Every structure is written in structure tokens, then in C-alpha cells.
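What follows is a single structure, written as C-alpha cells, with notes after it.
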Amino acid sequence: MNRRLRYLVFGLGAAGLAVLFALALAGLPGFGGDSHPYRDRAVHAALAHRTANVVSSINFDQRALDTFGEELILLGSVVGAAALLRPSRRESERPAPDPEARAVPDSVVLLCTVMLPVTVLVGLDVIAHGHLTPGGGFQGGVVLATGLHLLFLGGRYPALQRIRPLAGYQFAESIGVATFATPGLAGLAAGGAFLANVLPYGQFASLASAGTVPVLSLAVGVAVGGGVVVLLAQFLEQALRYSGER
Amino acid sequence: MRALVPLSFVLPVLVGCVVLAFRRWLPRMVTDLLCVATAATVAGCTGLLAHAAGGGRIVEWMGGFTPHRGYSVGIVLVVDPLGAGAACLAAVLTGCALLYGWRYLSDAGEHYHVLMLLFLAAMVAFASAGDLFTLFVFFELMGAVAYALTGMRIEEPESVQGGLTFGVVNSLGAYLTLMGIGVLYARYGQLGLAQLGAAIGAAKPDPALVAAFCLVCCGFLVKAAVVPMHFWLADAHAVAPTPVCVLFSGVMVELGLYAVTRIYWVVFATALPVATIGRTLLVFGVLTALLGAVMCVSQRHLKRLLAYSTVAHLGLFLVGVSTLNADGLAGTAVYVLGHSGVKAALFLLAGILLNRYRSVDEAYLHGRAGLRSPVGWLYLLAGLALAGVPPFGPGLGKALTEEAAGAGHPWLVWLFVAVSALTGGAVLRTGLRIFAGLGEPPGGGDEETTGRSEESETTGPVRGTPVTMLVATCLLLGGGLLVGALPGLARACGRAAAAAIDTLGYRDEVLHGTLRPLAEVPDSYWSASGVLLGLLSAALAVGVALLALARLPERLRRPLRPLEPVLVGLHRLHSGHVGDYVAWLFLGTAALAALVAW
């Protein structure tokens with residue numbers, strides 16, 4: 001197709017789609033209305049399971065299966081990226097760059113050194129309190145994984161490589177995913193349903209509350225943290241260690 | 001028994017995690033065995049579920065959030081025979097694909113196995129989801145894994161290109177679906193299929209509802225490769241590893257159609273009139289079948305040829321679904337089962353050729369492979385089966401579907417015969433050329449994708465055909481035969497279809513746990529006209545093949561001359577340019593909406 005024909009087809013389609021969107025939007029309820037059937041019931045269900053953070057209750061209790069699916073999407077993407085970015089037979093390893101070549105300002109190094117432990121702590125906190133305050137496994141896992149990469153920003157890729165035995169992180173990722181399914185299966189074994197909240201609910205708004213919600217949140221945190229490290233590692237390795245055609 | 005509903009997709013996930021976590025210690029043989037055994041177990045579980053569901057459904061509320069007065073905040077899985085059957089098909093095909101790939105893709109290592117297991121889990125969960133958003137989540141999982149599996153052969157730039165095109169077009173479709181889900185959620189505050197259906201009820205269809213239906217269907221129609229959203233399919237099939245093609249053609253695209261069927265019948269059937277939707281789907285189905293058949297006969301790249309034949313058959317399936325009655329859906333279900341066995345076998349045979357000769361080009365392979373090995377005979381037999389020869393499954397499916405479709409529009413019978421003859425003929429033509437050395441090697445334009453030289457998928461060229469590859473092929477072709485030869489299967493498909501279109505029965509059973517007796521389903525099997533039309537299309541297919549192989553006198557070729565520019569134009573439309581594909585996707589969505597609104 002030449003350019004003009006492509007634009008013509010696209011223009012026609014886009015115009016149709018725009019009309020469709022306009023019609024759909026016109027049929028939506030107005031902004032800020034009172035009728036929120038799902039919200040009302042979800043808050044009720046979260047309180048019944050003594051979960052302070054309703055969003056976490058939806059993510060890890062009421063609609064935990066969707067979270068399981070999303071975790072699998074991340075796992076699939078990480079494994080897929082690892083498979084696609086594996087060094088091909090045509091690629092060769094680059095000689096290690098001169099450590100002095102990539103000078104990083106001292107201020108950046110200092111900032112990264114200070115921020116690294118802080119970020120890791122924040123990540124752990126976000127995971128641990130996911131059922132009480134905004135946060136949870138997904139967010140915390142991403143914070144943790146990004147924290148480690150401050151080492152790379154600080155110009156020390158070898159240091160990052162040292163604290164990043166990839167096999168270990170991949171292990172963590174798969175164990176995290178498997179752990180998410182395990183309490184689910186426990187619910188099934190206890191004669192209930194898959195992903196049923198089988199643990200005691202505890203006291204509202206205390207660390208040990210909400211039953212399986214913190215457990216699942218932790219599992220997701222481990223899986224997401226490991227997964228994001230492995231994912232970024234594939235891209236970094238491809239960009240820094242391998243060159244194109246041999 | 002109810003525990004099997006979640007177990008059937010959690011099991012492959014857990015095994016995948018084990019393979020990934022312990023991959024350094026697991027020998028390749030153990031991994032292969034473990035994966036094949038898992039697929040077989042899932043096939044057994046889902047088969048049991050399909051049987052146990054009988055004429056009804058198995059309803060499983062996740063987390064024990066059972067509905068209270070027809071409302072629940074939780075997610076429901078609903079297994080009915082149609083869904084469980086689709087899941088079982090996915091598991092059987094995955095098992096055969098893994099068996100075939102026993103020594104495949106050695107440098108991708110266990111990543112390939114993990115991706116295949118996740119793909120299986122996604123398809124099984126997708127087929128049992130009773131919630132629109134869960135359906136979407138596992139649809140996305142299916143997509144994410146499929147893009148990676150397509151680009152597996154990273155040595156070839158086309159492979160990455162094919163994976164990318166597939167990813168971009170399908171993701172765009174998925175976004176449109178998500179928009180549609182958003183519209184429905186904003187209006188009704190529900191995500192469950194049954195809940196949404198009950199909330200919409202017999203509402204007078206307003207523009208927003210029509211828009212929501214079109215948007216939701218869009219992503220699934222892209223996955224189902226319905227013209228004009230089909231462009232990604234041939235590009236992806238041409239580059240994907242052979243076992244992956246088996247899953248794509250055999251079950252993944254059909255699952256797109258499954259979702260449209262499920263969503264229409266459970267959510268929209270009481271609001272959007274059957275006549276409108278049926279007419280819309282019929283238009284798309286006929287277009288898809290015709291374009292697929294024309295593109296199929298004009299290919300020389302074996303995998304592209306088989307891919308376009310899938311497009312053509314998908315069009316026929318869509319015509320079957322568009323009848324929007326139990327007979328049409330039952331015939332389509334039989335057709336899908338038979339087609340997947342036969343088409344999967346054909347892909348595996350093409351893969352065997354690829355591994356031995358490093359080419360899937362009809363011209364290059366001309367006369368290279370003899371008829372001494374079983375490969376050639378299996379290929380020709382599968383070609384005949386694809387054309388609809390009794391007693392193979394595709395023939396029975398075609399017979400039942402064309403009967404149902406022909407009840408409304410008698411000319412549709414000839415569409416089925418013509419498309420079967422053209423696609424079957426294309427396969428027979430390549431088979432006769434490659435294995436019997438008949439005819440002359442085709443000359444082609446310079447714009448064609450030939451598949452002349454490809455990287456082999458195994459580590460080295462394969463001497464002889466490995467037993468595992470032949471066993472997998474025979475199993476699939478045998479399965480395709482059994483679908484047509486066992487009367488029980490057609491009967492089960494009839495019951496499954498009747499349960500699937502029972503809108504009120506589905507909603508009541510999911511939301512209130514009340515069972516409604518299913519209407520008695522008449523047995524359908526080979527009829528005399530079905531056998532005759534099957535034989536006719538097989539004979540026509542042989543005719544098409546011989547005509548293509550024979551050198552026609554100039555006198556006969558002259559009237560065909562004006563058609564050549566049309567064919568060249570069609571081939572040019574399939575340019576491989578992502579921008580083109582996106583433009584057609586938009587136009588397709590707009591056309592869908594216009595047809596529904598009209």
C-alpha cells in the first residue's frame with residue numbers, strides 16, 4: 001500500500017472509531033454520581049475480612065484470580081524477554097569497557113549510595129504494609145528492583161552484577177508465583193474455594209490482619225521484584241555486553 | 001470434581017515454575033517428559049470436566065465469594081462443555097506440540113517449555129472464565145506469551161518482525177476490548193458475564209451499548225484473524241516455530257471466536273437482536289473465507305499457505321457461528337476439532353520438511369522428497385481430509401455446518417464446497433509437487449515471500465524423521481479422523497452448543513444456582529448429502545491441484561489474465577507494514593460498528 005492509500009484507509013477507520021467513542025462516552029453516567037454498586041459492596045466485603053486497604057482487598061482477596069493472571073503476564077513477559085534477548089550465535093561479547101571511560105559525577109554517586117538503602121527499605125515497607133496502607137506487592141516489588149539499579153546509575157555495573165546473581169532472582173520469581181498459588185490451593189484443600197481467605201482475619205488495622213492478603217502480597221512482591229530485576233538485566237546485558245553482528 | 005476447575009490451569013503454572021526454578025539441575029529429557037505429562041494430565045482433567053458438566057455447567061466462585069441475591073464482588077469460573085472442550089483441545093495440541101519438539105530449539109532452553117506451559121494455562125483459564133475482566137487478563141497472558149513464542153528464532157530478522165507485528169496489532173485490538181469493558185463497567189458496575197447479562201437484560205439497545213459490544217468484540221476478532229484484521233496471522237505463522245504454529249492455528253485463533261460467541265450469548269443476547277448480529281458476522285465470515293482461500297492457493301511458502309487456509313476456515317467457522325443457533329454452533333465445534341487435528345498435522349509435516357531441507361518453498365522442494373517415507377503419504381492424506389473427504393473430522397464438521405448455514409441461505413453450501421476445494425487443492429498441489437515431483441516448479445514474482453532458505457529449527461539437519469515427530473503427527477491426524485468417525489463426539493458437540501446458547505439458563509445457574517432443563521438435542525451425524533458434498537469438494541480439490549500442476553493451453557489461460565492484477569493487488573495489501581495493518585484494524589472496527597448499527 002502506498003502512503004496515500006494507507007492514510008485514506010486509516011482516516012476512514014479512525015473517523016468511524018471516533019464516532020463510536022463519542023457515542024460510548026455519551027452513554028456513560030455523569031461524573032461524580034452517587035451510584036457505585038461495586039464500590040459499596042467491595043468496601044463492605046473488605047471490612048468483613050478486616051482489610052484496611054480496600055484496594056488490596058480487591059487485588060488479593062476479592063479478585064485475587066485477576067492478580068494471579070497479571071502476575072503470570074509478568075512472568076511470561078520476563079521469560080519471553082529472556083528468550084528473545086538471549087545472545088544469538090551471531091553476536092559476540094564486547095570487550096569490557098574501561099572503568100574510567102564512563103565518568104559519573106561524584107554527586108550522582110553519593111546520591112545513589114545514600115538512596116540505595118532507603119529505596120530498599122521503602123520497597124520492603126510498601127510490601128509489608130500493603131494490606132493496611134496504599135501499596136502492596138506489585139508496587140513494592142518494583143520499588144525494590146529499581147532500588148538495586150541505583151548501583152548501575154551510580155556507574156558501577158560490575159557492582160550491580162555482583163549483587164545480581166540472575167539465577168537467584170529467577171528462582172525467586174518462580175517461587176513467588178508458585179507461592180501465590182499455594183494458599184489458593186490450601187483454600188481448595190480445606191474444602192473451600194480456590195484462593196479462599198483461609199487464615200484468621202486478626203484484628204482490624206494491625207500488621208497481622210486480613211488473613212491471606214499480606215501473604216499473597218508478599219508472594220507478589222517477591223515475584224515482581226525478582227521478575228523486574230531479571231527483565232532489566234536482559235536489556236542491560238544486551239546493551240552493554242553484546243555487540244551486533246560477529 | 002469442582003476442584004479440577006482451578007487445578008486444570010494452576011497445574012501447568014506450577015510445573016512451569018518448577019522447570020524455571022530448577023532448570024540448571026533438570027536434564028532436558030526430564031523437562032520434556034514433565035511437560036508432556038502435564039499437558040496430558042490437563043487434557044484428562046478438562047476432558048473429565050467436559051463430561052461432568054454434561055448438559056449444564058460447573059460453577060466455581062473464586063475465594064468463596066458466592067453471590068448473594070444475584071450479586072457478588074468475586075470472580076466466577078464457569079465450565080460448560082463448550083469451554084471445557086476448548087480447553088481439552090488446547091491441552092491435547094500442547095501435548096502433541098511438545099512431543100514433536102522433543103529436540104527442538106535447544107538454545108532457547110527451558111524458556112520455551114515454560115512459555116508453552118504458560119500458554120496452555122492461559123488458554124485453559126480463558127476458556128473457563130465467567131468474568132469479562134478475567135477473560136481479558138488471560139487473553140493478555142495468551143498474547144504476551146504468544147508474541148515471545150513467535151519471535152523464538154532470534155537468528156532471523158523476519159522472526160522478530162513477525163513477532164512485533166503480531167504484538168502491535170493484537171495489543172491494539174486488546175486495548176479496544178478494554179475500552180469496551182470500561183464502558184460496560186461504568187454503566188452497569190459489574191464485570192461478571194452473567195451479572196452483566198442480567199443487568200443489561202432486555203434493554204433497548206442504545207448507541208453506547210452497541211459501541212460497547214463492538215469494542216469488546218474487536219480484540220477477540222483480531223485474535224480470530226477475521227478480515228480485515230487478519231494480516232498479522234500469516235506473518236506470525238511464517239516465522240513461528242512449528243510446534244507454536246500448531247497451537248496458533250489449532251486453537252488460539254478459534255478461542256477468539258469462542259470469546260465472541262460466549263460474550264454475545266451470555267451478555268448481549270437479550271438486548272441485541274439475533275438478526276442484526278447474525279447478518280454482521282455472516283458478512284465478515286464470507287469475506288474472511290473468500291480472501292483466505294484466494295490467498296491460500298496463491299502461496300508457495302508452505303507455512304504461509306497453511307496459515308491462509310486457517311484464515312479461510314476461520315471464515316467458515318464464523319459463518320457457522322453467525323447462524324446463531326444450536327445446529328450451526330454444534331457443526332462449527334465439530335469443524336474446529338477436526339480442522340485443528342488435520343491442520344496441526346500439516347504444520348508438523350511442513351516442519352519435518354523444514355528440518356530436513358531447510359526450506360519451506362514449494363519451488364525449491366519440487367521433487368526433492370520422495371513418497372518412500374510416510375511423510376508424503378500423510379501429507380496427501382491430510383490434504384484430502386482438509387478438503388472434507390469422509391470420514392475425517394473436517395468433512396463431518398463441514399457437512400453439519402453447511403447444512404445449518406444453508407438452511408438460511410442456500411448459496412452458503414457452495415461457499416463451503418468452494419473454500420474447502422480451494423484450500424484442500426492448494427495443499428494437494430504442494431504435496432504432489434514436493435513428494436511426487438509432478439508439474440513444473442512455479443515461477444513467481446519478485447514480491448513473493450518464498451521461504452526458500454530458512455534456518456532449521458533443530459540443532460543440526462535431521463537424518464531421517466525422528467520417531468517422536470512422526471508419532472505426534474500421526475496422533476493429530478488420527479484425532480482428526482476420530483472426530484469424524486465417532487458418532488459420540490458429534491452428539492456431545494450438539495449438547496455443548498445447546499448449553500452454550502442457553503442464555504437464561506447460564507445466567508440463572510451462575511447467579512442463583514437454579515438448574516433449567518436443557519431442550520432435547522437431536523442427534524446429528526453424517527447425512528447422505530453431507531457425504532456426497534464432502535466427496536465432491538475432495539474431488540474438486542484434486543481437480544484444483546491437477547489444474548495448477550498441468551500446463552494449460554494458452555486458449556484456456558487467456559480468460560484468466562484480467563484476474564492477475566487483482567491477485568497481485570491482494571498480495572501487495574499483505575505488505576508486512578505494521579502501519580497498514582493498524583489502518584485496516586481501525587477500518588474493520590468501524591465497519592463492524594456500521595454493520596451492527598445498520
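Backbone N, Cα and C define each Cβ position, glycine as well.
A TrEMBL annotation is a machine prediction, not a hand-curated record.
Residues or ranges marked as transmembrane segment by TrEMBL: B:6-26 (among others).
Positions annotated as transmembrane segment by TrEMBL: B:33-53 (among others).
What TrEMBL records for B:73-100 (among others) is transmembrane segment.
According to TrEMBL, the domain 'NADH:quinone oxidoreductase/Mrp antiporter transmembrane' annotation covers B:129-422.
Taken from TrEMBL, the feature transmembrane segment applies to B:135-152 (among others).
Here TrEMBL flags B:164-188 (among others) as transmembrane segment.
Annotated transmembrane segment per TrEMBL: B:208-232 (among others), in sequence order. Outside the transmembrane segment (B:208-232), and at least 6 residues removed from its termini, the chain residues within Cβ reach (under 8 Å) are 132, 136, 139, 142-143, 165-166, 169-170, 172-181, 183-184, 187, 200, 252-257, 259-260, 263-264, 268, 271-272, 284-285, 287-288, 291-292, 310-311, 314-315, 318, 574, 580-581, 584-585, 587-589, 591-593, 596-597.
Under the heading transmembrane segment, TrEMBL lists B:277-298 (among others).
Marked as transmembrane segment by TrEMBL: B:332-354 (among others).
Within the same chain, residues 309, 338-339, 342-343, 345-346, 349, 352-353, 369, 398-399, 417, 420-421, 423-425, 427-428, 431-432, 434-436, 465, 470, 473-474, 477, 480-481, 483-485, 526, 530-531, 533-535, 537-538, 540-542, 545 sit at least 6 positions outside the transmembrane segment (B:375-392) and bring their C-beta atoms closer than 8 Å to a C-beta of that stretch. Per TrEMBL, transmembrane segment is recorded for B:375-392 (among others).
Tertiary proximity for the transmembrane segment (B:412-432) is limited to same-chain residues at least six positions away from its ends with a CB under 8 Å from its CB atoms, namely 286, 289-290, 292-294, 296-297, 299-300, 302, 305-306, 308-309, 312-313, 315-316, 319, 346, 362, 376, 379-380, 382-384, 386-388, 394, 398, 401-403, 405-406, 438-439, 533, 536-538, 540-545, 548-549. The feature transmembrane segment is assigned by TrEMBL to B:412-432 (among others).
Annotation source TrEMBL lists region 'Disordered' at B:439-463.
Annotation source TrEMBL lists transmembrane segment at B:467-486 (among others).
Residues or ranges marked as transmembrane segment in TrEMBL: B:525-550 (among others).
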Are there three or more C-beta pairs under 8 angstroms joining the transmembrane segment (B:277-298) and the transmembrane segment (B:73-100), sequence spacing 6 or more?
no
Hey, which bits of the same chain come close to the transmembrane segment (B:33-53), Cβ under 8 Å, at least six residues off its ends?
1, 4-5, 7-9, 11-12, 15, 18-19, 26, 79-81, 84-85, 87-88, 91-92, 94-95, 98-99, 113, 116-117, 120, 124, 492, 496, 499
Please identify the stretch among B:6-26, B:135-152, B:277-298 with the greatest number of Cβ pairs below 8 Å relative to the transmembrane segment (B:164-188).
B:135-152
Using a Cβ cut-off of under 8 Å, list the residues of the same chain at least 6 residues beyond the transmembrane segment (B:135-152) that approach it.
105, 108, 112, 115-116, 118-119, 121-123, 125-126, 129, 159-160, 162-164, 166-167, 170-171, 174, 177-178, 181, 193, 219-220, 223, 236, 239-241, 244, 248, 252, 255, 259, 263
Should anything in the same chain at least six residues away from the transmembrane segment (B:6-26) have a Cβ under 8 Å from its Cβ atoms, list it; otherwise answer none.
34-35, 38-39, 41-42, 45-46, 49, 60, 62, 77, 87, 109-110, 113-114, 117-118, 120-122, 124-125, 128
